[in-house]
């Protein structure tokens, strides 16, 4: 395997606990002290552009790339070379999908800005909060699904193609920039999604490695 794989996927139990605890702490700090002020600042700057909207949709690019890998595995030569990648991508995507659905329902956070069906938001209504198990898309801000899928899939690609680590890191940073600039999500939403996405990839890869031994 080429050098410079994502080290967070190889942490010991102790280091992993510290790593994910740090993400949790930063997320909580953002929720309590940063999110509302940052949403106001971004709205005042009117920073949304066609480019930042393109960045906000980075997970669609990674999902398309993952689909290409999976479909290409119908050919034996591709399957023999990339079966491990395909399995990791498929399992990570399925786990991330389940966790995303459950987490959004569990936390029920309102959005930073009103986008659809007059959803209550901080910018338009000065409403921000968590409403566990509230029904409807109006309460689906936390965690960010875009961040979750980007970090989950990018982590898998980084694990298998570490020589292109700058590209995978760029996708991770890009989705943050795009989602924030568009005011689609709070920073805390994105941080939570990032942590959960990495954890999904981490769990899948570590368990597959244990089974393969």
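Numbers here mean position along the shown chain, with the first residue as 1.
In case you wondered, yes, glycine gets a Cβ from its N, Cα and C as well.
As given in TrEMBL:
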{"type": "TRANSMEM", "residues": "17-34", "note": "transmembrane segment"}
{"type": "TRANSMEM", "residues": "54-75", "note": "transmembrane segment"}
{"type": "TRANSMEM", "residues": "82-103", "note": "transmembrane segment"}
{"type": "DOMAIN", "residues": "85-205", "note": "domain 'Phosphatidic acid phosphatase type 2/haloperoxidase'"}
{"type": "TRANSMEM", "residues": "137-159", "note": "transmembrane segment"}
{"type": "TRANSMEM", "residues": "166-184", "note": "transmembrane segment"}
{"type": "TRANSMEM", "residues": "190-206", "note": "transmembrane segment"}
Apart from its near flanks, which chain residues at least 6 from the ends of the transmembrane segment (137-159) lie with a Cβ under 8 angstroms of it?
5-6, 8-9, 56-59, 62-63, 65-66, 85, 88-89, 92-93, 95-96, 99-100, 103-104, 107-112, 116-117, 119-120, 130-131, 165, 168-169, 171-172, 175-176, 179, 184-186, 188-198, 200-202, 204-205
Mind checking which residues of the chain, 6+ beyond the ends of the transmembrane segment (166-184), have their Cβ under 8 Å from one of its Cβ atoms?
6, 38-39, 42-43, 47-49, 52-59, 61-62, 111-113, 115, 123, 144, 146-147, 150-151, 154-155, 157-158, 190, 194
Long-range Cβ neighbours of the transmembrane segment (190-206) (under 8 Å; 6 or more residues past either end):
8-9, 16, 20, 23-24, 26-27, 30, 88, 91-92, 95-96, 99-100, 103, 142-153, 155-156, 159, 172, 175-176, 179-180
Could you tell me what the rest of the chain brings near the transmembrane segment (54-75), counting residues at least six beyond its ends with Cβ under 8 Å?
82-83, 85-86, 89-90, 93, 145-146, 149-150, 153-154, 157, 171, 174-175, 177-179, 181-182, 184
Within the domain 'Phosphatidic acid phosphatase type 2/haloperoxidase' (85-205), residues counted as helix, strand or coil by DSSP:
85 helix, 4 strand, 32 coil
